[in-house]
Amino acid sequence: MVYQPGANNPFAIPSKHGEMPTFVVRSSKPQLPPVDVILEHAQVVALPMRTRFRGITIREAMIFRGLKGWGEFAPFVEYDDVEAANWLAAGVEAAWQGPPPAVRDTVPVNATVPAVPADQVGEILARFPGATTAKVKVAEPGQSLDDDVQRVAAVREVIPTVRIDANGAWDVPTAIEAIAAIGDVEYVEQPCATIKELAAVRRVVGVPIAADESIRKAEDPLLVAQADAADIAVLKVAPLGGMRKVLALNTALKLDVVISSALDTAVGMAASVSAAAALPMLDHACGLGTGVLFERDVAPSFVPRHGSVRPRLIQPDDELPLASPERTAWWEDRLRRCHAILMTR
Ligand SMILES: O=C(O)CCC(=O)C1=CC=C[C@@H](O)[C@@H]1C(=O)O
Ligand SMILES: [Mg+2]
């Protein structure tokens, strides 16, 4: 199909001054704008973090403007193109389709506590005013179980409801030992790497198990539920391919759901918050307060107030902390490869 410039072109974005673009582009996917249309309004940002999180101190992201707003493409740099292509689908959905209808206007969020020493916990929690649930990272490489126990204890002094996330780092015996040592928690997210191990831990421990990587990195995201391996599904909009994908998964999984960020900038966070606002049922706080972990965001971050954030559309700041030309070229190449993958799906 050839898209001509102007009104009949479903992907054409008027410039800031209202003129239609002058390109002629080819695309065979009605839902996917041609790659040059995406890149025409794209910028790559490098955002400094206030606290190292998941080994990241500078969060790079590509953001682009579409017909319905802004989208984000920010797969973690180590992800391969097949996995990263889901993130592009999510960004395109946000920018060209916009959010699904909301059923609530506030979304409760948890405080997110990176694997910091216990004496830094108070400073982190102060960034999440009103949060009644905290998610604490545990099992960080190079740290001990005692570090986790102390960090969680320091959090509990301020916020009694604690969930922990081991990112699949424990084997089954270590998970059972660590969960017993850490004590009462709302749930344990991804204690072990595999679905089989999650099911084994779940059979032994008396606390609910949440699956994150076992859903977003699985070939079949429904397997974890079929294997009775989890009580709660942690769903992330960008890695799972978009807001509507997450809503469909929520229906198919038949588990309690928590929507969590993928260390989204304010643009990606707008999509994540919109997905949470559109869920028919939401019984748990969501991991959508991570904007406060950024030193600088692309627009005012979704800062929790009274423990919640509100869905809204984002207009990025005029002046952004742009990535270097080399990094920008790297992201453009990556987006082109991911776009080619989406063309085959
Ligand atoms: O859920 C939260 O409170 C914040 C988001 C969060 O923890 C994560 C975001 C991005 C990458 C992950 O390592 C991490 C997670 O594993 O859930
Ligand atoms: Mg997780």
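Each residue, glycine too, has its Cβ placed from N, Cα and C.
Unlike curated records, TrEMBL annotations are generated automatically.
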ASP165, GLU189 bind Mg(2+) in TrEMBL, but which of ASP146, ASP212, ASP220 does that record place at the same site?
ASP212
Which residue, of the active-site residues LYS137, LYS236, has its CB surrounded by the fewest other CB atoms within 10 A?
LYS137
Would you mind listing, in sequence order, the residues at least six apart from ASP212 (Mg(2+) binding site) in the same chain with a Cβ closer than 8 Å to its Cβ?
ASP165, ASN167, GLU189, GLN190, VAL234, LYS236, SER260
Suppose you look only at the domain 'Mandelate racemase/muconate lactonizing enzyme C-terminal' (117-208); what would the mean pLDDT be?
97
Anything from the recorded positions LYS137, ASP212, LYS236 with its Cβ under 6 A from ligand 1? List those in sequence order.
ASP212
